[in-house]
Every structure is written in C-alpha cells, then in structure tokens.
Amino acid sequence: MDYLDRANLGNAELAGIQEDLHLTSVELSAAISAFFITYIICEVPSNIILKRTSATLWLSSLMMFWGFVTVAMAFSTGFKGLVIARFLLGAAESGYIPGVLYKLSQIYKPQELGLRLALLLSTASLAAIASGPIAYLAMRLSGTWGLAGWQFLFIFEGVPTILFSILSFFCLFDEVDRVTWLSDEQKALQKSRIPPQPETQITLQTLLTVIKDWKVWAFGVVYMLTAVNMTSAVVFFPVIIHGFGFSSSTSQLLTAPPGVWAAIMTLTGGLLTDRYRKRSPLIVLGLLLVALGYFLLLFLQNPMGLYAAIFILVGGIAFQAAAVVGWSSINFPDLAIRATAVAMVVMIGNVGGVIAAYIFPDTDGPHYVFGKCVNLACALTAAFVAGLTGYCLYKENCRRDLNEKRDGEQFRFFY
C-alpha cells in the first residue's frame, strides 16, 4: 500500500487528472515531487519518535493517516489541494520504510535479512502488478456516480490502506515477550539468537556521529541514484509505455507483467544476498542491467523490443533492491546510531524521487530521451559508487583482521 499510494499519479495522469484539474506539466511534476519533500524532512524525526514510543502504534497510525490522505486526494479540485495532499502523504509515509528496516534489523541476523527484505520489497512489485488493473477498472468506471476515473483510483487505493492499518496494529509487536502468537520456547529461542542489546538514547552526539560517517553518505548516494531509477519506473512507466504507441487503457494493463518479473527478481536477489553474504557485487550487477535497459530504450524503435527493454531494466532494479535498502541496516552495531543512520540514508536516497519527478516532462514525449539519459547516467554512477564502497569496506575488514590481536574483537562490515 505504501508504494501503491505514493506512485499513483502516473496512472492518474492517463486517467485524466491533468485535464480535469487543469494542471500544466510543471504543476503535475511539482505535485509528484511535493511528496518527497516532506518524505525527506520527516524520516529522521519519525525514527526518533518510533524508538522512543511504540513501533506498533506509530507505524499503524502513519498507515491509517496516509490512507485517509489518499482518499482525500480523490476530492482535489485544483493544483493547491493536490499539492497539500501530496505534502501530507509524504509526511505520513516517511516513517514507514525506515521504521520497518530498523525493526527487522532487531529481529533477524544480517545473513537472514536479504530474503526478508526481498519479501518486503516484492510487495512493491505487487503494487506495480495491481496498479495497472486497478487503474484500468477505475477508468472503466469513469462517470459513475459523477466521479472521474482518477477519483475512483485514489478511493480504490486509499480505503484498503485504512483497513490494513487496523489489521497491522494487531500483527506488529514492540517486544518479543509481548507477542501472543509465539510460545515461550519460541520466545526463548529468539532471545538466544539475538541477545537483547542495551538501549541507547538518540542524542545530538548521535546525530553528529552519523553525519560525519562516510558510510552513511556512500549508502545514501547509492540509494538516491537507484531511487531515480525506481521512481521513474513506478511513476512514469504507464506514460513511457503509452509512448510506445499503445492506448491509455492497454498501457495501464501492460504495467502488470513487468511487475510480476520484478517480484521474481527481487526474491532472487534477496536469496543470493543471504547465500553469498555480499551486497556490492549484486548491486553492481543489477545496476548494469538497469543501464542496459535504458540504453536499449534510447535506440530501439520496435514497440515489442522497447517493451522487452522494460523487463531488463525492471529486473535490474528489483534484483539489487533488497541489497541497497538493507545495506545500511546491518553495518551499524549501535542501536541508536543504526536507527538514525538508516533514516538518514533513506532520507538522502529519496532526493532521487524529487529528481525523477522532473525528468519526464510532457514536452519530451513520446520518446522522453532526456529522462532515459538521466536514468542511464544514474545507474552507471550508482554502480561505480557501490563497487567502490564495497571495496573500502572489504579493505577495512582486512585491516581489522590483521589488528585483531592488538585491538581485540571488532565489528566486521558487510560489503
């Protein structure tokens, strides 16, 4: 629901929101990017609140709030109302992914996180699978009860979010001892697997330590550049596919098969991450596939060849998604620093969403050469930074191995 609700403006564009609200191309881009402004600003504060309160209550409340905001978007009457709704949506969704990453890192060992994160992120692919048919149905209902297709779209995606938020309140937990659906033996096993770590508070010194850590910025840059690729795929693929020559309704439906492929590749990448316990090589491989896909989009002209290129780049995005998202959550042993670092990495990363909002203007259609070139450059740059970061972490581990007798047991980084 998180990915479905944030990325529905691309589907809404084909469903007529731009014409009905009299939006210019710049205003539509501004509405898309408005989400990421508050998303970026609120991520670190949200994780601080989560750590000091209840993860169950906080995450469920955020989910319910963004569900109501999504429904409210259906009743926007102009640019101002749409932008305000997108601002509120970004603020509400900002704490979800960083909060979930932080909680998962407390429950699973680093070598177990890859598949779990892949399962989490594969739901984003499910959003891509579902978004097209939902938009198609919404467009078919246009005019019913006096509502436009894009209004049905927001209602169809907002109401289930509200219902799931209620369900999540009863499924999430703050401490293992309070989980009602685990036996005493299972609770004891979990405590023996990951012994409780001493609680540390997030202070100003914590923030300064995180800001000065080069790893945070390296992980953040990789996340940001891959977020350009991800956001471009999620938001603009209906428009890009429409540019291949397909009708609006067919374009909505054609977004579903790449979503299925993305889910498969996400799980494959997660399994390989856990098996080989390496992040940077898988990230580099996935990003090279993304670059290849955008290269083909620039030069192919046959509609089916272009559609095949979509599968290549979507597969590349999905293949490295779990490794990119989880890389920061396993490389900071201190809980307070981890909570802050994860939120800051995601905060830096989502600048990519703002960039992506402006690189596919209507005036560049139907080929969108500029947007494709930017995505190609982002994929290649991210591959370089990820490879360099992995090498630096590997060398630091080698140094610690050599000095272990002198310095004692030290944390080893995951590269």
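Placed from the backbone N, Cα and C atoms, the Cβ positions cover glycine too.
According to TrEMBL, the domain 'Major facilitator superfamily (MFS) profile' annotation covers 1-398.
Taken from TrEMBL, the feature transmembrane segment covers 28-50 (among others).
Residues or ranges marked as transmembrane segment in TrEMBL: 57-77 (among others). Proximity of distant same-chain residues to the transmembrane segment (57-77), defined by a Cβ-Cβ separation under 8 Å and at least 6 residues beyond the stretch ends, is recorded for 1-2, 5, 8, 21, 46, 49-50, 85-86, 88-89, 92-93, 95-96, 99-100, 147, 150-155, 157-162, 164-166, 168-169, 172.
With a cut-off of 8 Å between Cβ atoms, the residues of this chain six or more beyond the transmembrane segment (83-105) that come close are 2, 5-6, 30-32, 34-43, 46-47, 49-51, 55, 58-59, 62-63, 65-66, 69-70, 72-73, 76, 113, 116-117, 120, 325-326, 328-330, 338-339, 342-343, 346. The transmembrane segment feature in TrEMBL is assigned to 83-105 (among others).
The transmembrane segment feature in TrEMBL is assigned to 117-138 (among others). Outside the transmembrane segment (117-138), and at least 6 residues removed from its termini, the chain residues within Cβ reach (under 8 Å) are 1-4, 7-8, 11-12, 14-15, 100-101, 104, 149-153, 156-157, 233-234, 237-238, 249, 252-256, 258-260, 262-263, 266-267, 269-271, 273, 318, 321-322, 325-326.
The transmembrane segment annotation in TrEMBL covers 150-173 (among others). Long-range contacts of the transmembrane segment (150-173) within its own chain (CB-CB distance under 8 A, at least 6 residues past either end) are made by residues 1, 4-5, 8, 11-12, 15-17, 20, 55-57, 59-61, 63-64, 66-75, 134-135, 137-138, 141-142, 144, 179.
According to TrEMBL, the feature transmembrane segment maps to 216-241 (among others). Tertiary proximity for the transmembrane segment (216-241) is limited to same-chain residues at least six positions away from its ends with a CB under 8 Å from its CB atoms, namely 3, 6-7, 9-11, 13-14, 32, 124, 127-128, 132, 135, 210, 251-252, 254-255, 258, 283, 287, 290, 297, 307, 310, 313-314, 317, 320-321, 324-325, 327-328, 331, 341, 344-353, 355-357, 359-360, 365, 368, 371, 374-375, 378-379, 381-382, 385-386, 388-389, 392.
Residues or ranges marked as transmembrane segment by TrEMBL: 253-273 (among others).
TrEMBL lists 282-300 (among others) with the feature transmembrane segment.
Counting only same-chain residues 6+ beyond the ends of the transmembrane segment (306-327), those with a CB under 8 A from a CB of the stretch are 97, 101, 113-115, 117-118, 120-122, 124-125, 219, 222-223, 226, 229-230, 233, 237, 240-241, 244, 254, 257-259, 261-266, 268-270, 273, 279-280, 282-294, 296-297, 300, 379, 386, 414. Taken from TrEMBL, the feature transmembrane segment applies to 306-327 (among others).
Per TrEMBL, the feature transmembrane segment maps to 339-361 (among others).
Taken from TrEMBL, the feature transmembrane segment applies to 373-394 (among others). Beyond the transmembrane segment (373-394), the same-chain residues lying 6 or more positions past its ends with a Cβ under 8 Å from any Cβ of the stretch are 215, 218-219, 221-222, 225-226, 228-229, 232, 278-281, 283-284, 287-288, 290-291, 294-295, 298, 316, 324, 331, 352, 355, 359, 413-415.
For the transmembrane segment (28-50), the list of distant contacts is 6, 9, 13, 18, 58-59, 62, 79, 82-83, 86-91, 93-95, 98-99, 102, 202, 207, 235, 339-340, 342-344, 346-347, 350-351, 353-354, 357-358, 361-362: same-chain residues at least six beyond its ends, Cβ to Cβ under 8 Å. Within the chain, the transmembrane segment (339-361) has long-range Cβ neighbours (under 8 A, six or more residues past its boundaries) at 25-26, 29-30, 32-33, 35-37, 39-41, 43-44, 46-48, 50-51, 97-98, 101-102, 105, 202, 206-207, 210-211, 213, 215-217, 219-232, 235-236, 239-240, 328-329, 332, 368, 370-371, 374-375, 378.
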